[in-house]
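TrEMBL has this to say about the protein:
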BINDING   Cys19, Cys23, Cys26  [4Fe-4S] cluster binding site
DOMAIN    5-236  domain 'Radical SAM core'
Amino acid sequence: MYRNVTYSPAYTLVPTYECFNQCSYCNFRVAPGEDKWLSTNEATERLQVLLGKGICEILILSGEVHPRSDRRQAWFNLIYNVCERSLSFGFLPHTNVGLLSWEEMEKLKQVNVSMGLMLEQLTPRLLQTVHTRAPSKQPKLRLQQLEWAGQLQIPFTTGILLGIGETEEERSQSLAAISKIHQRYGHIQEVILQPHSLGSQQALPLPRFDLHQLPDIIGQARAILPADIALQIPPNLVNYPDLLLACLEAGATDLGGLGPKDEVNPDYPHPVPEQLRSLLEPAGWSLSPRLPVYPQFDHWVCDRLISPVQHWRDFFAQIPS
Ligand code: SF4
């Protein structure tokens, strides 16, 4: 009898790499004004190539344009249009583009089956270190966004970044804050435990996070978070077979979106599902695809998204486990 772990067959579209924040560990950012934004036509061309390949989720991931910039509206419109275009091909959009206003979230709910924002860490201490020049990383603003997502009934993915200078106690406090918000609104579908992984483009190297702590951290997270929240670990960042299996034994239930490139950690390519299966199955685990919205939230998606969600539920149900 196999136990099951899930993943999302996904492809990432990046409207822009430019970002007004400067997190010192970032491997994604380009300075404002120095990036050529994705056009809707380019997005269309990339989406066309994905048809018929079993890819369900389009992750829309972007650097942030300052809320008071005169380019903010153009940035938001591009994100919205990329979501619309993804839907027009039958894909399911999941947007994670940093801090948004209530109105922006409300609009994006119309074209997304779920959305996401990493809490990262709750402690404001990091505003003096890795987030000195990252105003969007103020924990109170991120908590507010999690809260708005609950009020707007948006199925939501969040998570914490491990190894950016937080203490063990601060990690637990971050998870406890997520748990508290979920108990109020019931909208957190998954929590990502993302180990900071040194990359070739980051401004400042941080001490390497000891990956072998992960099974214990997963156990702690499982004890803090309600059982209906999935726990996700990125297999490209936990790239030791025994450790990955230990993470599953400790309570991780999902391996996130797997696609051609991890845009946030470009030095760490995703494994393909077949590679993972050959590791997992001998250890008694099956690997199955899932949608970017978990089934308990299907009744929250907007009317126009119901039919594509049902299509993908039926499609994955036909795949033998
Ligand atoms: S980590 Fe995200 S918010 Fe920070 S600089 Fe990079 S893209 Fe911007």
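Here the Cβ of each residue, glycine as well, is placed from N, Cα and C on the backbone.
The average pLDDT computed for the domain 'Radical SAM core' (5-236) is 97. The sparsest Cβ neighbourhood within 10 Å, among the listed binding-site residues (Cys23, Cys26), is found at Cys26. Proximity of Cys19 ([4Fe-4S] cluster binding site) to non-local residues of its own chain (separation of 6 or more, Cβ distance below 8 Å) is seen for Cys26, Phe28, Arg29, Val30, Pro32, Gly63, Glu64, Gly98, given in sequence order. Same-chain residues that are not part of Cys19, Cys23, Cys26 yet have a Cβ within 8 Å of the Cβ center of the [4Fe-4S] cluster site turn out to be Asn21, Gln22, Tyr25, Phe28, Arg29, Gly63, Ala134.
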